[in-house]
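S.K.: Take this structure, written in structure tokens, and hold onto it; I'll ask about it next.
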Amino acid sequence: MAKGIEIRTSPHLKKVLTVDQIMRSVVLALLPVSAFAVYQFGLSVLLLLITTTVVAVATEWLFARLSGRGNTVADWSAVITGLLLGLTLPPGFPLWMAAVAAFVGIALGKALFGGLGYNVMNPALVGRAFVQAAFPVAITTWTPAFAPERFSELIPSTLTLPFMQPVPIDDWVAGLGLDAWSGATPLALQKFQQIELPLGEVFSGTIAGSAGETSAILILVCGLWLAWRRMLDWRIPVAVMAGAALTALPFWLLDPALYPSPWFVLCSGGLMLGAWFMASDMVASPVTARGAIIYGLFIGVLTVIIRLFGGLVEGVMYAILLANALGPLISGWTQPRVYGAGSRPKA
Amino acid sequence: MALFSIFPRRKTFDHGIYPVEHKELTADKPIRRLPFAPELVIPLEQHKGKPAIPTVRVGQEVVRGEPIAEADGHVSVPMHAPATGVISDIALAPTAAGPKALAIYLKVYQAASQRVLFGLERDLATLSREALVAAVQQAGLVGLGGAAFPSHVKLMPPAGRTIETVLVNGCECEPYLTCDHRIMLEQTESLVRGIELVLRATGAERAIIGVEDNKLDAVEHLRRQLPAHLPITAEAVRTKYPQGAERMLITSLTGREVPIGGLPADVGVAVYNVGTLAQMGELLPKGQGLIERVVTVSGPGVERPGNFMVPVGTPVRFLLEQVGLKDSYGEVILGGPMMGMAVASLDVAVTKAVSGVVVLEREDLDLAERKVYPCIKCGACVEACPISLNPSVLGELAQVREYAAMAEHYHLDQCFECGCCAYVCPSNIPLTQYFRIAKAINREDK
């Protein structure tokens with residue numbers, strides 16, 4: 001009767017939710033955002049997303065093999081990195097540069113720290129920061145949304161040969177026959193020309209910008225779905241948005257003509273994508289509830305400060321990377337109060 | 001009442017988890033008796049404190065209810081013969097914890113009566129508080145919720161502390177278990193008598209029976225049955241694991257926290273399991289000893305799950321033969337599946353602390369034995385820990401064997417191994433087991 005009796009230690013029950021399930025859900029939540037990016041900018045973005053994802057997964061596989069950690073591709077985390085990275089790049093970004101970004105993101109941002117769970121910063125943003133420094137022109141070259149031939153032809157810079165600078169795309173853009181194309185994102189328009197695009201456009205995303213950051217509403221819906229499924233900590237995006245809006249508010253009240261409105265701040269640039277999908281990266285954010293709020297607020301505040309007073313137009317990326325670096329410190333400050341600590345015996 | 005039940009705001013504690021309850025398997029199964037096992041194995045250490053000392057010799061005949069071992073000092077309790085028969089041996093026997101321990105073997109006479117033949121009826125009203133406490137010890141009563149702490153010790157709070165409130169624990173937060181539920185429904189009279197005795201012995205002003213709101217029928221039943229002249233109330237608390245943990249229930253019902261390193265008496269509280277008090281109310285007036293308890297036998301690996309009045313010392317094998325063990329069984333757990341212990345041998349006996357025998361199938365276990373990923377710092381364990389520890393950091397420290405730092409900086413000693421952290425961990429890290437090992441090593445290093 002006692003054949004094959006099993007012995008485990010308690011707890012003998014286990015919640016059915018594993019890392020790969022969480023990661024798969026995040027990928028699923030990113031798919032609508034990716035689809036809209038392809039719809040908006042055409043074939044170039046499709047190739048861009050495929051490139052970053054494939055290179056990210058390949059790099060993950062390579063380093064897992066080199067370090068003998070077994071097959072870590074199956075946890076799907078590299079797919080998220082690849083997709084996210086692609087979504088933060090300009091639509092016409094040369095593919096070879098995108099591949100460099102994906103490789104650096106996984107290799108430098110993740111594998112060198114020991115792989116999933118040990119990275120200090122969000123790997124996708126590490127990759128993006130690298131190419132921001134390496135290819136400053138290409139990463140600030142924007143193309144118009146809804147170009148007429150976007151499903152039949154590529155943006156000329158997409159297929160730049162490796163180690164070559166991309167061709168200028170001004171002629172190509174002029175050939176599209178779009179009026180009033182300034183080559184600037186809504187953020188840049190606001191910052192340098194004080195032209196604030198209508199809120200409806202930045203909210204729905206029918207504007208220029210990085211491939212997947214333009215539609216605030218779509219990102220919001222996908223993020224909320226993840227939060228509802230408890231696969232991301234809602235405190236982080238909420239704190240990021242609160243921090244950004246509250247920092248922007250006094251400036252806007254002082255001088256609405258010069259400074260952007262809090263709504264514009266929330267819906268423009270990479271703030272939504274950053275708040276919902278990058279700041280909320282579990283590995284690089286604090287584990288405690290209070291820590292998550294401090295961390296989120298810090299990102300929001302810093303983003304707006306960089307945007308308003310820094311030399312850069314966009315500040316989400318550096319704000320998140322900086323907050324990532326502070327994450328362990330914030331966790332340390334916000335250790336939970338242990339049950340019974342400070343409770344006095346009743347006399 | 002109906003108005004409030006639209007948004008039930010039940011009292012509860014912070015954090016915790018909501019595992020699937022599986023209580024429907026046995027919740028409506030009344031407590032039944034089984035035939036005696038041919039041989040009972042009664043370990044001398046079934047309680048916290050010193051093991052009992054045998055007072056019988058091999059070959060001696062004993063009747064059901066007769067004392068067979070005496071308490072060794074204050075924190076210890078005596079044992080009584082669970083059946084009429086002959087002492088066949090006093091030798092080592094397997095235990096759930098692993099190492100073999102000394103036990104009294106009792107060969108049960110065929111056709112032995114279930115009637116208890118030993119006991120001295122007495123009038124409890126005339127007993128002093130001290131005599132009541134002594135009577136509780138003589139009855140061999142220990143916490144039947146699983147802790148097995150000698151009940152009489154808790155009746156006497158340390159100097160300078162008084163018990164104001166007696167909390168009666170009817171939460172039964174472990175999945176599968178329903179024995180306390182049945183006791184509240186079927187042994188109400190004994191339970192009330194037990195509470196009354198504890199109120200008298202401790203001098204407490206009131207008693208609250210805390211019941212998880214998945215057993216509202218028991219709450220209603222108790223409210224109808226509680227005599228108006230006694231300061232006893234029944235209250236529903238939220239169904240959440242580990243609501244039935246002593247410290248959690250104290251916080252849920254009184255809003256107070258037991259200080260670190262302190263006792264419930266430090267906040268004027270004593271907590272008793274409903275099963276313990278039902279036995280106390282049953283045994284004390286008759287002057288009898290604890291020889292049996294209600295055990296839930298359940299789980300997917302059992303053919304006819306139910307609640308049974310099981311004599312102490314009944315081998316698990318015999319119990320499972322009575323209810324039918326499926327071939328697909330994998331693990332046999334004494335207690336509930338969250339904190340209970342899997343036995344290595346079916347020869348282990350049911351002791352006073354065993355509230356349930358839960359049999360899981362191999363499939364359930366395969367589900368639990370999945371790939372272990374690195375910690376992704378998701379914070380699920382931090383959100384689950386009822387003591388508000390940081391299992392994420394503790395787990396990392398355990399992996400690098402920084403056991404001393406775990407205790408020194410992260411309150412490892414407060415962990416009571418409820419299993420919430422390991423239950424929720426998406427990386428399948430065996431956190432609870434890490435902490436058990438760390439605590440054991442720290443104990444040895446001391």
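Cβ atoms here come from the backbone N, Cα and C positions, even for glycine.
These numbers come from a predicted model, not from an experiment.
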S.K.: So TrEMBL lists B:Cys415, B:Cys418, B:Cys421 for [4Fe-4S] cluster 2; which of B:Cys378, B:Cys385 goes with them?
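M.R.: Checking B:Cys378, B:Cys385 against TrEMBL: the [4Fe-4S] cluster 2 site match is B:Cys385.
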S.K.: Select from B:Cys375, B:Cys415, B:Cys421 the binding-site residues whose C-beta atom falls under 8 Å of at least one C-beta in chain A, and return them in sequence order or as 'none'.
M.R.: B:Cys375
S.K.: Which one is it, among the binding-site residues B:Cys415, B:Cys418, B:Cys421, that lies nearest to B:Cys381 ([4Fe-4S] cluster 1 binding site) by Cα separation?
M.R.: B:Cys421
S.K.: Tell me, roughly as an integer, the mean pLDDT over the domain '4Fe-4S ferredoxin-type' (B:361-396).
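M.R.: When the pLDDT values over the domain '4Fe-4S ferredoxin-type' (B:361-396) are averaged, the result is 86.
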S.K.: Below 8 Å Cβ to Cβ and six or more residues apart, same chain only. Which residues does that give for B:Cys415 ([4Fe-4S] cluster 2 binding site)?
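M.R.: For B:Cys415 ([4Fe-4S] cluster 2 binding site), the qualifying residues are B:Ile387, B:Leu389, B:Leu394, B:Phe435, B:Lys439.
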S.K.: Of B:Cys375, B:Cys418, B:Cys421, which of the binding-site residues has the most Cβ neighbours inside 10 Å?
M.R.: B:Cys421
S.K.: Can you tell me how many other Cβ atoms are located within 10 Å of the Cβ belonging to B:Cys378 ([4Fe-4S] cluster 1 binding site)?
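M.R.: Result for B:Cys378 ([4Fe-4S] cluster 1 binding site): 25 other Cβ atoms within 10 Å.
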S.K.: Relative to the mean position of the Cβ atoms of B:Cys385, B:Cys415, B:Cys418, B:Cys421, the recorded [4Fe-4S] cluster 2 site, which additional same-chain residues have Cβ within 8 Å?
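M.R.: Near the [4Fe-4S] cluster 2 site, beyond B:Cys385, B:Cys415, B:Cys418, B:Cys421, sit B:Cys381, B:Ala384, B:Pro386, B:Ile387, B:Leu389, B:Pro391, B:Phe416, B:Glu417, B:Gly419, B:Cys420, B:Leu431, B:Thr432, B:Phe435.
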S.K.: Could you say whether, by DSSP, B:Cys421 ([4Fe-4S] cluster 2 binding site) belongs to a helix, a strand or a coil region?
M.R.: helix
S.K.: Pop the Cα-Cα gap between B:Cys378 ([4Fe-4S] cluster 1 binding site) and B:Cys385 ([4Fe-4S] cluster 2 binding site) into the table, whole Å please.
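M.R.: Here the two Cα atoms are 14 Å apart.
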